[in-house]
């Protein structure tokens, strides 16, 4: 296998004039000599799996399953996968493969909605900023795990007086872990009342204090920006360099990197699962996740179905432009139908498998602290950087398990970031092939550099507030709106039947019965479900908070400004394209001229003027 080291990295940037005309993204055997293709099918499948399988599979799905009836949640989850997830995944993948263009040029099929493609790229740009920061958090914790004992295993010199590491062995304490990560210790001393009565003191676990005081050095609010946290800035720089190095030759190099980054998380999940199942209390965790605690009556609640649809939608990365981009490098006759099922079912299986690994160890943590499992369960940052590291610190050889866990988070994050950067660079190259086609390496490095600079506010002491603000405003209902317009544009404006004929050009003729289900989903079921979820999401939207910290008015205004910056492209491009059409309608047609040729003269002559001899 060809290796891409630092020398090749610099050689591709500092090209000589003779090499500038050659695009390193294209190999001689590629079907598409202009844009290049995947080196082989496995590169594409692993890249798609790596893109679809993200942090949400690990830190959000297990929590939603627990919250919405445990094993019963799998019923609405797989139902929504069939009626929303797979049809939309197939639609986007087929669209990209048919036109061999990125998410902006793909909308040449429906020019009035080309702004949807631009909006998707803008979303990817903004989300890539904070995703890079999450990778940087994972890098920092991975390095911090290379010491024994783990620095968050106890209240060391960095802790303040409210830090407490109380274990189940101390029978005089009852510890309750609340969802905002605060430990409330009710100190009881027999029948003494004291001063002898019950006294409540709010304390924090070492893992939470380490997250706030050491890793983030978190300020009190968004108003208090503070200086850059330099260890995070360096990890952010390393993250940017890793992404740039992996994408230096576009899909030719990233397609090889994903052989590790897309498969290693499964190795770690299986290792953590086997280790977790051997721990005392693991059974309780599994039961709360998907076992005897399953509650079928939850299926009567509308919110459960909404959560299932939302999780299916976001975990497959629909609407971000990545699916269109990655599939645009396929050979024209690639069987995108089979690929759709391979990727979507793998993604769903990963979510379920990750839940077993997570809850087995959280069950052990509940046993150690002598508290109910439900008081340990969290999602998002609370799970990845507080609850789970705390649980791992209680295991023998804890640095090993901690390193494995954060390397898994790192590789999962890198895979998604690879696709995000590829969306940005592909759109630039497709839009300006004359300038960027032979300079893809420079475009990639420049893109990663810009994202690094834009990410610096997210590694200040107020950085976590910026990350949460972007996540809550840009990566939520806005995507639902974009996908609703996408399916309307393809199914109703471009024409679902025409789109089916386009797919048959790639896959071969199919029967009417074969397309019956896809027509039902694209024309009715999927858009109706998306419309309901979008309306519900907007109606129930509440201003974001981080724990108990409220955002200032200017911060919320900035969040809405980000939403406007995404959505504004849709009407702007529509008006621009309509204006161009209107201008042509207001101009004389080519048939406007004197009727007889003898009267037209040079002004209306259809023959080109003769060249002037010098």
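Cβ atoms are placed via backbone N, Cα and C, with glycine included.
In TrEMBL, annotation is done automatically, which means it is predicted and not curated.
For reference, TrEMBL has these:
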TRANSMEM  44-62  transmembrane segment
BINDING   50, 52, 53, 57, 315, 347, 415, 416  Na(+) binding site
TRANSMEM  74-95  transmembrane segment
TRANSMEM  116-143  transmembrane segment
DISULFID  155-163  disulfide bond
TRANSMEM  228-248  transmembrane segment
TRANSMEM  257-277  transmembrane segment
TRANSMEM  312-329  transmembrane segment
TRANSMEM  341-362  transmembrane segment
TRANSMEM  400-429  transmembrane segment
TRANSMEM  441-467  transmembrane segment
TRANSMEM  473-495  transmembrane segment
TRANSMEM  516-538  transmembrane segment
TRANSMEM  558-578  transmembrane segment
| remark: Counting only residues at least 6 beyond its ends, the same-chain positions whose CB falls under 8 A of a CB in the transmembrane segment (516-538) are 80, 83-84, 87-88, 90-91, 306, 309-310, 313, 476-477, 480-481, 483-484, 487-488, 490-492, 496, 500
| query | For residue 416 (Na(+) binding site), what residues in its own chain, 6 or more apart in sequence, show a Cβ-Cβ distance under 8 Å? | reply | 50, 51, 54, 55, 131, 317
| field | CB contact flag for the transmembrane segment (74-95) and the transmembrane segment (473-495), at least three pairs under 8 A | value | yes
| query | How big is the gap, in Å, between the Cα of residue 155 (disulfide bond) and that of residue 57 (Na(+) binding site), rounded to a whole number? | reply | 31
| field | Tertiary contacts of the transmembrane segment (558-578) (same chain, 6+ residues out, Cβ under 8 Å) | value | 111-116, 118-119, 122-123, 126, 469-470, 472-474, 478, 481, 485, 544, 551
| field | residue 163 (disulfide bond) versus residue 347 (Na(+) binding site) - Cα distance in angstrom | value | 39
| note | Relative to the transmembrane segment (312-329), the stretch among 44-62, 341-362, 400-429, 473-495 with the most Cβ pairs under 8 Å is 44-62
| Does the transmembrane segment (400-429) make contact with the transmembrane segment (473-495) through 3 or more Cβ pairs under 8 Å, each pair 6 or more apart in sequence? | no
| said: What does the structure give for the C-alpha distance between residue 52 (Na(+) binding site) and residue 163 (disulfide bond)? Integer Å is fine. | reply: 38
| task | May I ask whether the transmembrane segment (44-62) has at least three C-beta pairs under 8 Å with the transmembrane segment (341-362), counting pairs 6 or more apart in sequence? | result | yes
| message | Before we move on, state whether the transmembrane segment (228-248) and the transmembrane segment (441-467) share at least 3 Cβ pairs under 8 Å, counting only pairs 6 or more apart in sequence. | response | yes
| query | Could you tell me the C-alpha distance between residue 315 (Na(+) binding site) and residue 163 (disulfide bond) in angstrom, no decimals? | reply | 36
| message | Can you tell me which recorded stretch out of 116-143, 257-277, 441-467, 473-495 has the most Cβ pairs within less than 8 Å of the transmembrane segment (44-62)? | response | 257-277
